[in-house]
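Per TrEMBL, these features apply:
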type	residues	note
TRANSMEM	26-48	transmembrane segment
DOMAIN	41-289	domain 'G-protein coupled receptors family 1 profile'
TRANSMEM	91-117	transmembrane segment
TRANSMEM	138-157	transmembrane segment
TRANSMEM	196-215	transmembrane segment
TRANSMEM	236-259	transmembrane segment
TRANSMEM	271-291	transmembrane segment
Amino acid sequence: MESRNDTHVSDFLLMKVTEDPELQSLLFSLFLSMYLVTILGNLLIILAVSSDSHLHTPMYFFLSNLSFTDICLSTTTIPKMLVNIQAQSQSITYAGCLTQICFILVFASLESLLAVMAYDRYVAVCHPLRYTVIMKPCLCSLLILLPLFIIIVDALVHSLMVLQLTFCTDVEIPLFFCEVVQVIKLACSDTLINNILIYFATSVFGGIPLCGIIFSYTQIVSSVLRMPSVGRKYKAFSTCGSHLSVVSLFYGTGLGVYISSAFTNSSRNTAVLSMMYTVVPQMMNPFIYSLRNRDMKGALRKLISRTSLL
(Lines of atoms letter the chains of each structure in order from A and count residues from 1; the text may use other names and numbers.)
(Lines give C-alpha, C1' and ligand atoms only; values in the text may rest on other atoms or scores of the structure.)
Protein backbone atom coordinates (compact mmCIF):
# COMPACT_ATOMS: atom_id res chain seq x y z
CA MET A 1 0.00 0.00 0.00
CA GLU A 2 1.33 3.41 -0.89
CA SER A 3 2.20 5.48 2.15
CA ARG A 4 3.04 9.09 2.71
CA ASN A 5 4.56 11.05 5.54
CA ASP A 6 2.20 12.70 8.03
CA THR A 7 3.42 16.15 6.93
CA HIS A 8 1.66 15.52 3.56
CA VAL A 9 -1.63 14.44 5.13
CA SER A 10 -3.88 17.46 4.83
CA ASP A 11 -7.18 15.93 5.92
CA PHE A 12 -8.74 12.98 7.69
CA LEU A 13 -12.23 11.71 6.91
CA LEU A 14 -14.68 11.14 9.75
CA MET A 15 -17.57 8.69 9.58
CA LYS A 16 -20.76 10.04 8.06
CA VAL A 17 -23.49 10.46 10.66
CA THR A 18 -26.15 9.03 8.34
CA GLU A 19 -26.48 7.95 4.74
CA ASP A 20 -30.12 9.06 4.67
CA PRO A 21 -30.42 12.74 3.60
CA GLU A 22 -33.86 12.99 5.22
CA LEU A 23 -32.41 12.11 8.63
CA GLN A 24 -29.63 14.70 8.49
CA SER A 25 -31.78 17.64 9.57
CA LEU A 26 -33.38 15.53 12.32
CA LEU A 27 -30.00 14.39 13.69
CA PHE A 28 -28.62 17.90 13.41
CA SER A 29 -31.51 19.24 15.51
CA LEU A 30 -31.17 16.36 18.00
CA PHE A 31 -27.45 16.81 18.62
CA LEU A 32 -27.74 20.59 18.66
CA SER A 33 -30.48 20.36 21.30
CA MET A 34 -28.42 17.95 23.40
CA TYR A 35 -25.39 20.23 23.13
CA LEU A 36 -27.34 23.34 24.15
CA VAL A 37 -28.92 21.49 27.09
CA THR A 38 -25.45 20.33 28.17
CA ILE A 39 -24.00 23.84 27.99
CA LEU A 40 -26.96 25.53 29.68
CA GLY A 41 -27.32 22.92 32.44
CA ASN A 42 -23.65 22.86 33.40
CA LEU A 43 -23.36 26.63 33.13
CA LEU A 44 -26.29 26.99 35.54
CA ILE A 45 -24.50 24.68 38.00
CA ILE A 46 -21.34 26.82 37.81
CA LEU A 47 -23.28 30.08 38.23
CA ALA A 48 -25.38 28.70 41.10
CA VAL A 49 -22.29 27.52 42.99
CA SER A 50 -20.39 30.76 42.44
CA SER A 51 -23.33 33.02 43.36
CA ASP A 52 -24.49 31.24 46.54
CA SER A 53 -22.12 31.54 49.51
CA HIS A 54 -23.74 28.49 51.15
CA LEU A 55 -22.35 26.37 48.31
CA HIS A 56 -18.76 27.55 48.74
CA THR A 57 -17.72 24.15 50.06
CA PRO A 58 -15.29 21.53 48.69
CA MET A 59 -18.10 19.32 47.33
CA TYR A 60 -19.59 22.09 45.20
CA PHE A 61 -16.14 23.39 44.25
CA PHE A 62 -15.40 19.99 42.72
CA LEU A 63 -18.88 19.87 41.17
CA SER A 64 -18.40 23.23 39.41
CA ASN A 65 -15.05 22.00 38.04
CA LEU A 66 -16.75 18.82 36.80
CA SER A 67 -19.41 20.93 35.09
CA PHE A 68 -16.72 23.02 33.39
CA THR A 69 -15.01 19.81 32.23
CA ASP A 70 -18.31 18.49 30.85
CA ILE A 71 -18.83 21.72 28.88
CA CYS A 72 -15.33 21.52 27.42
CA LEU A 73 -15.56 17.82 26.51
CA SER A 74 -18.87 18.30 24.71
CA THR A 75 -17.55 21.39 22.91
CA THR A 76 -14.53 19.43 21.70
CA THR A 77 -16.64 16.91 19.75
CA ILE A 78 -20.20 18.06 19.00
CA PRO A 79 -19.72 21.42 17.16
CA LYS A 80 -17.41 19.86 14.55
CA MET A 81 -19.92 17.07 13.98
CA LEU A 82 -22.72 19.62 13.57
CA VAL A 83 -20.65 21.58 11.05
CA ASN A 84 -19.98 18.41 9.06
CA ILE A 85 -23.68 17.48 9.03
CA GLN A 86 -24.65 20.96 7.85
CA ALA A 87 -21.89 21.17 5.24
CA GLN A 88 -22.37 17.53 4.21
CA SER A 89 -18.63 17.07 4.51
CA GLN A 90 -16.74 14.54 6.63
CA SER A 91 -13.28 16.07 6.39
CA ILE A 92 -11.24 17.41 9.28
CA THR A 93 -7.83 18.98 8.81
CA TYR A 94 -4.71 17.24 10.04
CA ALA A 95 -4.04 20.03 12.55
CA GLY A 96 -7.68 20.06 13.60
CA CYS A 97 -7.62 16.30 14.18
CA LEU A 98 -4.49 16.50 16.35
CA THR A 99 -6.02 19.39 18.31
CA GLN A 100 -9.20 17.41 18.87
CA ILE A 101 -7.19 14.38 20.02
CA CYS A 102 -5.30 16.50 22.55
CA PHE A 103 -8.39 18.18 24.01
CA ILE A 104 -10.38 14.94 24.16
CA LEU A 105 -7.53 13.28 26.07
CA VAL A 106 -7.39 16.20 28.52
CA PHE A 107 -11.09 16.59 29.24
CA ALA A 108 -11.98 12.88 29.14
CA SER A 109 -9.18 12.18 31.63
CA LEU A 110 -10.38 15.07 33.81
CA GLU A 111 -13.57 13.10 34.42
CA SER A 112 -11.33 11.50 37.06
CA LEU A 113 -12.66 14.38 39.18
CA LEU A 114 -15.31 11.82 40.09
CA ALA A 115 -12.63 10.07 42.18
CA VAL A 116 -11.76 13.33 43.93
CA MET A 117 -15.44 13.87 44.68
CA ALA A 118 -15.66 10.32 46.05
CA TYR A 119 -12.75 11.09 48.39
CA ASP A 120 -14.56 14.25 49.51
CA ARG A 121 -17.67 12.18 50.35
CA TYR A 122 -15.48 9.62 52.17
CA VAL A 123 -14.02 12.33 54.41
CA ALA A 124 -17.47 13.90 54.99
CA VAL A 125 -19.09 10.60 56.03
CA CYS A 126 -16.22 8.76 57.75
CA HIS A 127 -14.47 11.76 59.37
CA PRO A 128 -17.16 14.44 59.75
CA LEU A 129 -15.53 16.19 62.72
CA ARG A 130 -12.25 16.57 60.84
CA TYR A 131 -13.81 17.45 57.48
CA THR A 132 -12.97 21.16 57.50
CA VAL A 133 -9.46 20.42 58.79
CA ILE A 134 -8.70 17.84 56.07
CA MET A 135 -10.48 19.46 53.11
CA LYS A 136 -8.67 22.78 53.25
CA PRO A 137 -8.78 25.12 50.24
CA CYS A 138 -5.11 24.42 49.46
CA LEU A 139 -5.74 20.66 49.35
CA CYS A 140 -8.84 21.12 47.18
CA SER A 141 -6.86 23.24 44.72
CA LEU A 142 -4.04 20.68 44.71
CA LEU A 143 -6.49 17.85 43.99
CA ILE A 144 -7.56 19.79 40.87
CA LEU A 145 -4.28 21.28 39.65
CA LEU A 146 -1.96 18.29 40.11
CA PRO A 147 -4.07 15.85 38.02
CA LEU A 148 -4.63 18.63 35.46
CA PHE A 149 -0.88 19.16 35.05
CA ILE A 150 -0.20 15.41 34.68
CA ILE A 151 -3.09 14.99 32.22
CA ILE A 152 -1.96 17.91 30.04
CA VAL A 153 1.60 16.51 29.88
CA ASP A 154 0.19 13.08 28.96
CA ALA A 155 -2.05 14.55 26.22
CA LEU A 156 0.87 16.52 24.75
CA VAL A 157 3.08 13.40 24.74
CA HIS A 158 0.37 11.42 22.90
CA SER A 159 -0.09 14.24 20.37
CA LEU A 160 3.66 14.56 19.75
CA MET A 161 3.94 10.79 19.29
CA VAL A 162 1.15 10.89 16.68
CA LEU A 163 3.12 13.60 14.86
CA GLN A 164 5.94 11.09 14.33
CA LEU A 165 3.71 8.58 12.52
CA THR A 166 3.57 7.93 8.79
CA PHE A 167 0.05 7.52 7.40
CA CYS A 168 -1.23 5.47 4.49
CA THR A 169 -3.53 6.68 1.76
CA ASP A 170 -6.55 5.40 3.73
CA VAL A 171 -7.24 8.17 6.25
CA GLU A 172 -10.88 7.41 7.13
CA ILE A 173 -11.58 7.38 10.88
CA PRO A 174 -14.50 5.08 11.87
CA LEU A 175 -15.84 7.57 14.42
CA PHE A 176 -17.59 10.94 14.38
CA PHE A 177 -14.53 12.60 15.95
CA CYS A 178 -10.75 12.11 16.06
CA GLU A 179 -9.72 9.62 18.73
CA VAL A 180 -6.10 8.71 19.33
CA VAL A 181 -6.52 4.90 19.14
CA GLN A 182 -8.36 5.06 15.80
CA VAL A 183 -5.87 7.54 14.32
CA ILE A 184 -2.94 5.31 15.33
CA LYS A 185 -4.61 2.36 13.57
CA LEU A 186 -4.37 4.32 10.30
CA ALA A 187 -0.58 4.59 10.54
CA CYS A 188 1.73 2.60 8.29
CA SER A 189 4.76 3.06 10.54
CA ASP A 190 5.53 1.20 13.77
CA THR A 191 3.07 2.11 16.54
CA LEU A 192 4.44 -0.04 19.37
CA ILE A 193 5.49 2.91 21.55
CA ASN A 194 2.16 4.66 20.91
CA ASN A 195 0.22 1.57 21.99
CA ILE A 196 2.35 1.13 25.11
CA LEU A 197 1.66 4.76 26.05
CA ILE A 198 -2.07 4.27 25.50
CA TYR A 199 -2.21 1.14 27.69
CA PHE A 200 -0.17 2.88 30.39
CA ALA A 201 -2.32 6.04 30.33
CA THR A 202 -5.54 3.99 30.36
CA SER A 203 -4.41 2.02 33.40
CA VAL A 204 -3.34 5.18 35.24
CA PHE A 205 -6.15 7.60 34.35
CA GLY A 206 -8.84 4.92 34.24
CA GLY A 207 -7.76 2.35 36.79
CA ILE A 208 -6.52 4.56 39.63
CA PRO A 209 -9.64 6.80 39.78
CA LEU A 210 -11.92 3.74 39.62
CA CYS A 211 -9.97 2.06 42.45
CA GLY A 212 -10.20 5.30 44.43
CA ILE A 213 -13.98 5.42 43.97
CA ILE A 214 -14.38 1.76 44.96
CA PHE A 215 -12.19 2.24 48.05
CA SER A 216 -14.02 5.42 49.11
CA TYR A 217 -17.46 3.84 48.83
CA THR A 218 -16.33 0.65 50.53
CA GLN A 219 -15.27 2.74 53.51
CA ILE A 220 -18.46 4.82 53.35
CA VAL A 221 -20.73 1.75 53.34
CA SER A 222 -18.75 0.18 56.17
CA SER A 223 -18.98 3.38 58.22
CA VAL A 224 -22.70 3.89 57.55
CA LEU A 225 -23.61 0.32 58.51
CA ARG A 226 -21.99 0.88 61.92
CA MET A 227 -24.20 3.91 62.61
CA PRO A 228 -26.89 3.10 65.22
CA SER A 229 -29.47 5.61 64.00
CA VAL A 230 -31.54 4.97 60.86
CA GLY A 231 -31.84 8.73 60.37
CA ARG A 232 -28.07 9.15 60.35
CA LYS A 233 -27.72 6.28 57.88
CA TYR A 234 -30.26 7.87 55.52
CA LYS A 235 -28.58 11.29 55.78
CA ALA A 236 -25.15 9.79 55.09
CA PHE A 237 -26.35 7.86 52.04
CA SER A 238 -28.32 10.86 50.73
CA THR A 239 -25.17 12.99 50.64
CA CYS A 240 -23.62 10.40 48.29
CA GLY A 241 -26.69 9.65 46.15
CA SER A 242 -26.11 12.24 43.42
CA HIS A 243 -22.43 11.46 43.08
CA LEU A 244 -23.06 7.72 42.96
CA SER A 245 -25.66 8.23 40.23
CA VAL A 246 -23.19 10.27 38.14
CA VAL A 247 -20.46 7.64 38.65
CA SER A 248 -22.84 4.86 37.59
CA LEU A 249 -23.90 6.80 34.49
CA PHE A 250 -20.32 7.63 33.45
CA TYR A 251 -18.80 4.18 33.94
CA GLY A 252 -21.97 2.42 32.79
CA THR A 253 -21.89 4.29 29.47
CA GLY A 254 -18.18 3.56 29.11
CA LEU A 255 -18.77 -0.13 29.80
CA GLY A 256 -21.53 -0.16 27.19
CA VAL A 257 -19.15 1.29 24.58
CA TYR A 258 -16.48 -1.30 25.46
CA ILE A 259 -18.88 -4.26 25.29
CA SER A 260 -20.36 -3.02 22.02
CA SER A 261 -16.95 -2.63 20.38
CA ALA A 262 -15.89 -6.07 21.63
CA PHE A 263 -18.96 -8.05 20.55
CA THR A 264 -20.21 -6.26 17.45
CA ASN A 265 -18.73 -5.91 13.98
CA SER A 266 -20.70 -2.74 13.26
CA SER A 267 -18.37 0.24 13.26
CA ARG A 268 -21.38 2.56 13.05
CA ASN A 269 -22.87 1.22 16.30
CA THR A 270 -19.52 1.68 18.01
CA ALA A 271 -19.25 5.21 16.63
CA VAL A 272 -22.74 6.13 17.87
CA LEU A 273 -22.04 4.73 21.35
CA SER A 274 -18.69 6.54 21.49
CA MET A 275 -20.44 9.80 20.71
CA MET A 276 -23.06 9.07 23.37
CA TYR A 277 -20.21 8.56 25.86
CA THR A 278 -19.11 12.16 25.27
CA VAL A 279 -22.67 13.55 25.30
CA VAL A 280 -25.11 11.70 27.57
CA PRO A 281 -23.27 11.73 30.95
CA GLN A 282 -22.31 15.37 30.46
CA MET A 283 -25.91 16.30 29.63
CA MET A 284 -27.45 14.33 32.50
CA ASN A 285 -25.07 15.41 35.31
CA PRO A 286 -26.78 18.80 35.94
CA PHE A 287 -30.21 17.11 36.12
CA ILE A 288 -28.95 14.51 38.57
CA TYR A 289 -27.38 17.06 40.89
CA SER A 290 -30.22 19.57 40.68
CA LEU A 291 -33.06 17.08 41.11
CA ARG A 292 -31.48 15.07 43.95
CA ASN A 293 -29.88 17.94 45.89
CA ARG A 294 -31.98 20.30 47.99
CA ASP A 295 -29.22 22.91 48.36
CA MET A 296 -28.58 22.99 44.63
CA LYS A 297 -32.30 23.33 43.85
CA GLY A 298 -32.50 26.26 46.25
CA ALA A 299 -29.46 27.94 44.72
CA LEU A 300 -30.86 27.49 41.20
CA ARG A 301 -34.19 29.01 42.25
CA LYS A 302 -32.39 32.04 43.70
CA LEU A 303 -30.27 32.40 40.56
CA ILE A 304 -33.27 32.19 38.21
CA SER A 305 -35.36 34.60 40.30
CA ARG A 306 -32.44 37.04 40.49
CA THR A 307 -31.96 36.82 36.73
CA SER A 308 -35.65 37.36 36.01
CA LEU A 309 -35.60 40.58 38.05
CA LEU A 310 -32.84 42.09 35.93
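Every residue gets a Cβ built from N, Cα and C, even glycine.
Mean pLDDT across the domain 'G-protein coupled receptors family 1 profile' (41-289) comes to 88 in this model. If you count C-beta pairs under 8 angstroms between the transmembrane segment (138-157) and each of 91-117, 196-215, 236-259, 271-291, the highest count goes to 91-117.
The list of residues near the transmembrane segment (236-259) in space but at least 6 beyond its ends in sequence, with Cβ under 8 angstroms from a Cβ of it, reads 111, 114, 117-118, 121, 124-125, 210, 213, 217, 220, 223-224, 227, 270, 273-274, 276-277, 280-281, 284-285, 288-289, 292-293. Note: the stretches the transmembrane segment (196-215) and the transmembrane segment (91-117) are in contact (3+ CB pairs below 8 A, sequence gap of 6 or more). Long-range neighbours of the transmembrane segment (271-291) within the same chain, counting only residues 6 or more positions beyond its ends whose Cβ lies under 8 Å from a Cβ of the stretch, are 15, 31, 34-35, 37-38, 41-42, 44-45, 63, 66-67, 70-71, 73-74, 76-78, 81, 104, 108, 174-177, 179, 242, 245-246, 249-250, 253-254, 256-257, 260-261, 297, 300. Within its own chain, the transmembrane segment (91-117) has Cβ neighbours under 8 Å at 6, 9-14, 59, 62-63, 65-66, 69, 72-73, 76-77, 80, 84, 143-144, 147-148, 151-152, 154-156, 158-159, 162-163, 173, 177-180, 183, 201, 205, 208-210, 212-213, 216, 243, 246-247, 250, 278, counting only residues six or more beyond its boundaries.
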